[in-house]
Amino acid sequence: MLLPLTKLKPRAKVAVVGGGVSGLCFTYFLSKLRPDVEITLFESQNRTGGWIYSCNTRDMSGNPIMLEKGPRTLRGVSDGTVLIMDTLKDLGKEAVIQSIDKGCIADKKFLLDPSDKLVQVPNSISTTVKFLLNPLGKGLITGMMGEWFRKKSPHPGQDESVESICDRRFGNNYISNNMISALLRGIYGDDVSLLSAKRTFKKIYYNELKHGSNTQAMIDNMRGKSRSKKTENLHQSLTGCLNDYSNAFGKDRSKLLDLSNTLKKYPMLGLAGGLETFPKIVRNALNEFKNVKIVTGNPVTQIMKRPANETTIGLKAKSGDQYETFDHLRLTITPPKIAKLLPKDQNSLSKLLDEIQSNTIILVNYYLPNKDVIDADLQGFGYLVPKSNKNPGKLLGVIFDSVIERNFKPLFDKLSTNPNALNKYTKVTAMIGGCMLNEHGVPVVPSREVTINAVKDALNNHLGISNKDLEAGQWEFTIADRCLPRFHVGYDAWQERAERKLQESYGQTVSVGGMGFSRSPGVPDVIVDGFNDALQLSK
């Protein structure tokens, strides 16, 4: 949350609505920080884990396979990733942690150019030259060279779209239509002309605000690093969230710092069995906590109206069950879902929360056993599709799961090996839709058949996979309905208004987290948000 929280009273009762990774981790951290507090976690589905879903199924021959239907990797440089990995170590599960080495083929990333050819995102001199000679590289040199000379926003501190700030800073719209649009489609499933620069493109936004330009920010940062280099070499310390985490749980600071530095060496991290391994491990740990109760498959339908002199809060479930006298309610579901739970006397708050729409993402998994049909030159993490491509299939991007899985290495369990390393198979996940599905703000989802046929056409055109191999493969179709809040221009101002209105209505009884209220929708960020708020409530 943006606003501060106050300490819970002794033996307080807490309700958590939403059993995704945000709700699970908030519950885990708070239950450890305050064992006296009784926590009840409510999840509408029969499983916890939310949008992190590593689906264990079988192929057409009856052999077990795992298909990722959500996020699958983590960035090693994130503080939230350190919290995840340290939690796994605490629970004796560090053997599941896997890494992708720098320079590994699985770290290669591609963009789709206007002629439907894959172009590697530069990571060397030769790939930089190829990129600059491609239409995707148009405007890049002149845009970067002239960036220092271009004027700041005429309205400093005012939010604007990512497209607007990029076009102003780089002096053309090629960069935003090509590289930037592809990147943000992959993260947010949305359009650069709509996304908030202040929310989703913070570095560029604040570089201009504080330094005047990105070039000047780079110069100033280099000077600062040069001055502090000797000090850093002598004494490196934990900062921010990791410092608070170390203090809160009495961690060995040097070991936590070593873990953080180790993880930063790797561009990507993952978990054996898929990323859902983490929420499953946390759920299993919570099942053993005496102060935690988990209710699944019985959605909360209402936050009960309370008398003016009442300080506790109650919930009503779909079954008709009522859960009363909670001292604190944590909501980790999306803003529109929160709006549906509010009593009628909170109509103005409901309308405010309903202002935020969400994008729907369609996921299509393709699996072909015993054959690798991705060309050797195109092996990598996958590719994203920029606005500059005509893109009739409304494709956001494609992830090459089989390439990633074959190149994972156990990070801490050096004696074990990757069982997929020598296996020949093809596994990819296509991401479709997002903002491109929306008609008048409402997602219109095409049928399974139409969507899979569009993905087949894309894989044939972009990767050269034959129709025979496409027809021989196994296909899975999943709709992640309204899974990603739309972080449009003005989102931060909206969030502050919403949180203030919540506190006006409920005081310190209600807090919010999850994708709609954390720094970003990424898994590490919602976990950091959950820890920070659990810490405030525990002090």
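A Cβ is built for glycine as well, from the same backbone N, Cα and C atoms used for every other residue.
Taken straight from Swiss-Prot:
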- 18-23, 43-44, W51, 70-73, V300, 521-523: FAD binding site (BINDING)
Close in space, distant in sequence - V21 (FAD binding site), Cβ under 8 Å, 6 or more apart: G49, G50, I52, F278, P279, V282, V523, V526, I527
Sequence-distant neighbours of G18 (FAD binding site) in its chain (C-beta under 8 A, six or more apart): F42, E43, G50, L331, T332, I333, G514
Most Cβ neighbours inside 10 Å, all chains, among the binding-site residues E43, G70, T73, G522: E43
